[in-house]
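Colleague: Here it is, the structure in full.
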Amino acid sequence: MANSEADKLFKEFKIQSVSEFFRRNAAMLGYTGKLRSLTTLIHEAVTNSLDACEEAGILPYVRVEIEELGTEHYKIIVEDNGPGIPEKFIAHVFGKMLAGTKAHRNIQSRGQQGIGISGAVMFAQITSGKATRIITSTGEEEIIEAWVGIDVDKNEGKIFKKIKHPNPTGWRGTRIEMEVKDVRYIRSKQGVYWYLKLTAIANPHAHIEFIEPDGKLIVFSRSSEELPEPPEEMKPHPKGIITDDIYRMAQRTTRTTVRTFLIGEFSRISDKKIDELVQYITALRLIKEEEEQNVKEQLMKRLVDGEVDKIIASFGKRGKKVLREVRKIMEKPPKKLTWHEAEEIVEAFKYMTFLAPPTHGLRPIGEENIEKGLTGILRPEFVTSVTRPPKVYRGGIPFQVEVGLAFGGELSSGFDLLRYANRVPLLFDAGSCVITSAARNIDWKRYRVDDVDRAPLALLVNVVSVHVPYTSTGKQSVANEEEIYEEIRLAVMDVARRLAKYLGGKHRKLYQVKRRKTLEKYVPEVSRALSILTGLPEGEIKKMLVTIIEKKFESIDEAVEAESDA
């Protein structure tokens, strides 16, 4: 009876693919709401284009076109001059989730999960029923035209039709065409136009063209010919890993011993550190064997203070025996490392001291390029920026914060906070983002901005990391990590001080202009009076007074400008 009931219960048991999961939960990828869904779709395609161009060393040219086909029904076209996609990878790139060139690597990139563009293809498929048309070539081969969809049950790309065309001109790049329904184009601060505008600011080396549904062409011209240096893959840091990381990496490594595996595949681990690790694991094993709670607490205190050799010595022969056992772990093949041993390694790492992880692999926008981007797109009267030194969060994940500030000029009244992660604009979920809280918690009145919400002020904040701590798979909000919050706050205060100095100089200049006009107003009257008293010609006296005023205010102007430039 029990068996038959169990059979009935498990009759509907089904293994769900990752594609099927995200088909049912598209909101987790950012496809929620008509406006946001369209922006997310464009974001995924443009991000792919920029990353591909930069990795291939090509200055990006990206063209986006939205054609209205009906009510809440659009055709989306995104074309780039990137390296193109080899024929055998087309189905995987556009039709298989959790597949890509970057998701498995510890490297800074705009996309992190290997879901992006395949998620867009799936969204087009489930809203319009149409496959996505891909036209691509690597330049040296034929042009491939393929209609791609996703088999959601298998999480596999499916090519419905494929045509090969001759390529006499050597065209190279990728063009994506997809039909989507249940979306809406609106020119708002969460729409496609604003997204592309913000993308152009943070990527001044990119040329971006946009054709709106009404046919209007908008061009965000390239303002820098300097291609960003490609980011470097970085080894994981001992303070930023979990047991599963070590265990899985140990199963895949080609290294012959646990010692060489740890030294070769993690940063800041040397032979000396391995010897230290052996001592910490030994000390932890011995402490766990101790039955008396008071003694155990005293030993843990000594462990925290780094007195591992004294702890081992206090156990006499038992300590030496455990030390020999742990040393053997370091010399065995990594594939034979047990889960418990991996746990011991991670636990020991927590008590050890390591140099901060190397940060050479991070690639910020850079102060000069931030200022070029803000100036070229926003045309302010004042612009400044700061790139903070690299730091780490969660003990071992490197990150860097940079902030740009633009004020006045063609900026309209109203504070604009431009949030970015690895150069990618974050348009949604601002309330839960650490960038918002850090920027808003500044007392702007201290920096001569009396009402920040009405000031013609734009603040760009970019968080750079090999692993940005997003709050969700939609990747629109950065989690509130204490170290990141503090770095943003310090960077914002830095540029705010520069703004205050500029505004102070501007106010003094206006005051001096007012004083000069007042003095000049009295020149004719004073000239007449002095002429009567001295007998000198009135015109000559007037000329002398004007010269005195000019010299006086010329020196004041120079002093104010020098202070503003400092």
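Just so you know, glycine gets a Cβ as well, placed from its N, Cα and C.
In case it helps, Swiss-Prot gives these features for our protein:
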- ASN48, ASP80, THR101, LYS102, GLY111, GLN112, GLN113, GLY114, ILE115, GLY116, ILE117, SER118, LYS475: ATP binding site (BINDING)
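So that I understand the layout, could you describe where these features sit and how close they are to other parts?
Modeller: Residues within less than 8 Å, Cβ to Cβ, of ILE117 (ATP binding site) and separated from it by at least 6 positions along the same chain comprise GLU44, ALA45, ASN48, VAL93, PHE94, ILE176. Secondary structure at ILE117 (ATP binding site), taken from DSSP and collapsed to helix, strand or coil, is helix.
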Colleague: For LYS475 (ATP binding site), just count the other CB atoms lying within 10 A of its CB, please.
Modeller: 27
Colleague: With every protein chain in view, what's the tally of Cβ atoms within 10 Å of the Cβ of ASN48 (ATP binding site), excluding that atom itself?
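Modeller: A count of 25.
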Colleague: Can you tell me whether DSSP puts LYS475 (ATP binding site) in helix, strand or coil?
Modeller: coil
Colleague: Going by DSSP, give the three-state secondary structure for ASN48 (ATP binding site).
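Modeller: The residue in question, ASN48 (ATP binding site), is helix (DSSP, three-state).
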